[in-house]
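K.L.:
Below are the features I grabbed from Swiss-Prot:
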TRANSMEM  9-29  transmembrane segment
TRANSMEM  49-69  transmembrane segment
TRANSMEM  101-121  transmembrane segment
TRANSMEM  137-157  transmembrane segment
TRANSMEM  163-183  transmembrane segment
TRANSMEM  212-232  transmembrane segment
TRANSMEM  247-267  transmembrane segment
TRANSMEM  276-296  transmembrane segment
TRANSMEM  337-357  transmembrane segment
TRANSMEM  363-383  transmembrane segment
TRANSMEM  395-415  transmembrane segment
TRANSMEM  419-439  transmembrane segment
Amino acid sequence: MSTENKQSLPAITLAAIGVVYGDIGTSPLYTLRECLSGQFGFGVERDAVFGFLSLIFWLLVFVVSFKYLTFVMRADNAGEGGILTLMSLAGRNTSARMTSVLVILGLIGGSFFYGEVVITPAISVMSAIEGLEIAAPSLDPYIVPLSIVVLTLLFMIQKHGTGMVGKLFAPIMLAWFLVLAVLGARSILNNPEVLQALNPVWAVHFFLEYKAVSFAALGAVVLSITGVEALYADMGHFGKLPIRVAWFSVVLPSLVLNYFGQGALLLKTPEAIKNPFFLLAPDWALIPMLILATLATVIASQAVISGVFSLTRQAVRLGYLSPMRIIHTSEMESGQIYIPVVNWLLYFAVVIVIVSFEHSSNLAAAYGIAVTGTMVLTSILFATAARKNWHWSRILVGLMVVAFLCVDVPLFSANLEKLFSGGWLPLSLGLVMFIIMTTWKSERFRLLRRMHEHGNSLDAMITSLEKSPPVRVPGTAVYMSRALNVIPFALLHNLKHNKVLHERVILLTLRTEDAPYVHNVKRVTLEQLSPTFWRVVASYGWRETPNVEEIFHRCGLEGLSCRMMETSFFMSHESLIIGDKRPWYLRLRGKLFLLLQRNALRAPDQFEIPPNRVIELGTQVEI
């Protein structure tokens, strides 16, 4: 990981604290309150407090420390992580049918993230501002408007990038975790009995004591590990070691101290269940805590927003989402991007969620299904990658996946009970994203197959043109070609209608590799097909944005000199119609594809080609 080489371990570890652990680090704001709020038929009872604390502690140890930090983070693609990366790794050495299944699982996991990302900013910021209920009860009616104002400002600054503000994230989050630890330790010293809950026997006793209702209570316990996927998804930004060091040295101790501190407070003062997090603080510290909590939740929300930008770019580059405008907000960091359409769709969705649910406790019912669903899929995909790619023994992989699923499946099942009380929200959003991604991928493949099914051989056509050339005009023409040995539609139509050809013709194919980055040395491959025809294949990773000017520069280094303002770019523009023979459900999918195609970013804008150098030739295609 290059970042680790450029910066010292303490510096990059501090940066990881500021970004990776925002979501899981703000969970103490609401987790224990939701566990003991009385919704499961029992209130602040000693056995319940000890049971929940034991469950939270061992979930943090098993799921975060053991599963993700020890095992899942081994699965990286050139240092990058995330559910789509894991999907790609798992499908490398499998059959075509198995690969299709793994792709579906990966897309479901990615869709779950889109469902979760709408809830995270809403519940985080609202739970922080709800500290006003303790500090200034008269301001309670303003919690929803204030939450919207804070998030509006956050979404508005996205287009400017977070480079300057981002430098403050790490020290603020470090201060947040230190305050969590101090407040928790202070409360534990007043009631050290609570440390008994470190014994897993209390977790077992909880299930025996509360029987059936204890299973439903797992749906609240899982709030303590929301954001765990960020550890894996952000691996490419910081590297494995800094993320692990940050967890074991700062984050885990702070979280455990704070949860147990809240438990100690509740054992002595059960009425503190109204908001045990803020009631840990002395009266004089309530306003500073409210400000710090709001800043921490804004940072957690920023991490989620950046995550959805990164996932969207990856999905676009892998062909699962339609092309859209991606703006780089930093000349130094390629990972800092802004996608306007995603930003504002997410903003409006978050505002609607805040207005509809009104309180973070109501949102807690919607939280968890997407998180635990992704955990289940991660276990399956990781086990497949371990067996197929690294050839781990069947016994080891079997024991590992059984251990993971013995935790993941009960957590997911418990959260399914929330389906009608809010859980439908992330599932619905995830379903919409899954339909969009599968529609774009499958219909785009169908379109390309229809366009090329009657195509003649490119080599044969070039040979024919060299033997009997049409009228040649001065200059260079570039034709975008999706497949190597297929004649571009724009070239066919130009010959058919204009009956001319430029003196030099370049067939340009853009290829997305199964890697986040492609080294500049391997960026461009040139092949001279004839005295006047050249084939250029430009390779990019899924974290990179293709740029024609850069491609021309690499071509010049290879001996093919091109000047942007002296080159004509010919592109085909498909006018799509839906075939009458398609079943009704495929016709619906076709209409969705037409809508996506109509709103997709045009090729000249994707590749930063000057509009006055582009010639589009239309063709009608039935899909």
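Placement of Cβ uses the backbone N, Cα and C atoms for every residue, glycine included.
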K.L.:
At an 8 Å Cβ cut-off, counting only pairs 6 or more apart in sequence, do the transmembrane segment (337-357) and the transmembrane segment (101-121) clear the bar of 3 or more pairs?
P.N.:
yes
K.L.:
The transmembrane segment (247-267): which same-chain residues, six or more beyond its ends, come within Cβ distance under 8 Å?
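P.N.:
Residues packing against the transmembrane segment (247-267) from afar: 13, 17, 21, 24-25, 27-28, 31-32, 36, 44, 46, 49-50, 52-53, 56-57, 60, 64-65, 69, 174, 177-178, 180-181, 183-188, 190-195, 197, 224, 231, 273, 276-277, 279-280.
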K.L.:
Between the transmembrane segment (163-183) and the transmembrane segment (276-296), are there three or more CB pairs that fall under 8 A, provided the residues in each pair are separated by 6 or more in sequence?
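P.N.:
Judged by the Cβ rule, the two regions touch, with the required three close pairs present.
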K.L.:
Who are the long-range neighbours of the transmembrane segment (9-29) in its own chain, taking Cβ under 8 Å and residues 6 or more past its ends?
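P.N.:
Long-range Cβ neighbours of the transmembrane segment (9-29): 3, 64, 120, 124, 127-128, 166, 169-174, 176-177, 180, 223-228, 230-231, 234, 237-239, 241-243, 245-247, 249-251, 254-255, 258-259, 262, 277, 293, 296-297, 299-304, 306, 360.
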K.L.:
Mind pulling out the one from 101-121, 163-183, 419-439 with the most Cβ pairs under 8 angstroms to the transmembrane segment (212-232)?
P.N.:
101-121
K.L.:
Is the transmembrane segment (137-157) in contact with the transmembrane segment (363-383), using at least 3 Cβ pairs under 8 Å (sequence separation of 6 or more) as the test?
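P.N.:
No, the transmembrane segment (363-383) and the transmembrane segment (137-157) are not in contact.
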K.L.:
Hey, which bits of the same chain come close to the transmembrane segment (163-183), Cβ under 8 Å, at least six residues off its ends?
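P.N.:
Residues 14-15, 17-19, 21-22, 25-26, 28, 157, 250-251, 253-255, 257-258, 261, 280-281, 289, 292-293, 295-296, 299, 302, 329-330, 332-333, 336 contact the transmembrane segment (163-183) from elsewhere in the chain.
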K.L.:
In the same chain, which residue numbers or ranges, 6 or more beyond the ends of the transmembrane segment (101-121), come under 8 angstroms Cβ to Cβ?
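P.N.:
Distant Cβ neighbours of the transmembrane segment (101-121) are 23, 83-84, 86-88, 90-91, 94, 151, 154, 226-227, 229, 297, 300-301, 304-305, 307-308, 311, 315, 320, 346, 349-350, 353, 363, 366-367, 369-371, 373-374, 377-378, 380-381, 384, 425-431, 433-434, 437-438.
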